[in-house]
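Sequence annotations record features per position, and here Swiss-Prot assigns transmembrane segment to 9-29, 50-70, 82-102, 115-135, 161-181, 187-207, 235-255, 275-295, 311-331 based on sequence analysis.
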Amino acid sequence: MLELFFEYIFPLIIIALKVVAITIPLILCVAYLTYAERRVIGLMQLRRGPNVVGPFGLLQPIADAVKLLFKEPIIPTNADKILFILAPMITFILSLIGWAVIPFAKGVVLADINVGVLYILAISSLSVYGIIIAGWASNSKYAFLGAIRSSAQMISYEVSMGLVIITVLLTTGTLNLSEIIEAQRTIPWWIDLMLLPMGVVFFISVLAETNRLPFDLPEAESELVAGYNVEYSSMGFALFFLGEYANMILVSAMTTTFFLGGYLPPFNISWLDCIPGFFWFVFKVGFLLFCFLWIRATLPRYRYDQLMRLGWKVFLPLTLFWVVLVSSVLVYTDNLPSI
C-alpha cells in the first residue's frame, strides 16, 4: 500500500503543490499589476491614482475583488447560457496553463519539456476561442463585432510571432525553453544584435495579441462600448480581466525568455552571477510590464485598417526576410547549431 502511495499518489501531490505555488502568486501579481497600472498612468497624467483604501491604496485590488465577487451575475435573456459561462473560464485557464513551461530560474520550471516553444504557441493560439465564444454566446452585436475583431487581430499577428520565434530557434537549435536561455550564454554578440529587430517586432506583436493599446480594437470603448465582454458582470467580467493581465505577464515572460536571456544576468560580469536568477527574471518581466503601461499612457489607438496593414504588409514580409537572412548568415559563418 505504501509503495502504491509513493509510486502513484505522491508524485500527483507534488505536481498539485507546484501548480498551487505558481497559480496563487500569479493571481496576486495580476491583482497588483492592476494597482501598478492605475498608479503609473496616474503619475503620467499628473494625478494620484488609487490612494484611499489602505496605506498608499495598497488594498485597492482586494476591495475591487470583493466588489466583483458580490455583484449579481447577469446573463442576457437570449444568450447561450452554457457557452456564456464557459467563455471567461476558458480564457482564464488558458492564461494560467501557459506558465507550465516557463523557467523562473535554473531548474525552477513546472514541466521542462523538449517542445516548450510549440506548447506556448499552441496555448497562445487557443486563447482566441474564449473571446470568440463570449462574443457569439452574448447575442449582442457589439460583443460579436469585438470578438470578430479580436480573432482576426490575433490570427494576423500569430503568423509574425511564429516567424520571429523561428529566428530564435535557428540561433539556439532547441525547442526547450531552459536550453534556449542557456544557449544565450554562448551566442556571439553580433547574433544577439541581429535578433534585436525581431525582439522589437515580437513585443509589438504581443501587444496586439493581448489586445492592449495601441491595438485594443476589440475593446474600443468609443466604437463597441466594451467589446466582447460588454454583457459580462461579476465574476465573468473578473475572469476576463484576470485572463488579460495574466496574459500580459505571460507574454512578458516569453519575451524575456526568447530575447533577454531569461534568468541570466544582463551582462557577463562575475559578481552579477551572485544574484539569484529568479531576481533577474522578475526584474526583466517587470521592465516589460512597465513598457506595457507606458505605451498605454502615451499612444493613441490605431485604426483597424492600420492594424491589419502593419501585420500583413509590414511585419509578415519583414519577418520572412529576417528568417532567410539569419539562416543564411548562420550557414555562411558556420554558426548553425546542431539539433
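Backbone N, Cα and C define each Cβ position, glycine as well.
Among 9-29, 50-70, 82-102, 275-295, 82-102 has the largest number of CB pairs under 8 A with the transmembrane segment (235-255). Beyond the transmembrane segment (115-135), the same-chain residues lying 6 or more positions past its ends with a Cβ under 8 Å from any Cβ of the stretch are 83-84, 86-92, 94-95, 97-98, 100-101, 143-148, 150-151, 154-155, 158, 161-162, 165, 169, 175-178, 180, 209, 218, 228-229, 232, 240, 243, 247, 251, 254.
The recorded stretches the transmembrane segment (187-207) and the transmembrane segment (9-29) do not share 3+ CB pairs below 8 A when only pairs 6 or more apart in sequence are counted, and are therefore not in contact. Among the recorded stretches 9-29, 82-102, 161-181, 275-295, the one sharing the largest number of Cβ pairs closer than 8 Å with the transmembrane segment (311-331) is 161-181.
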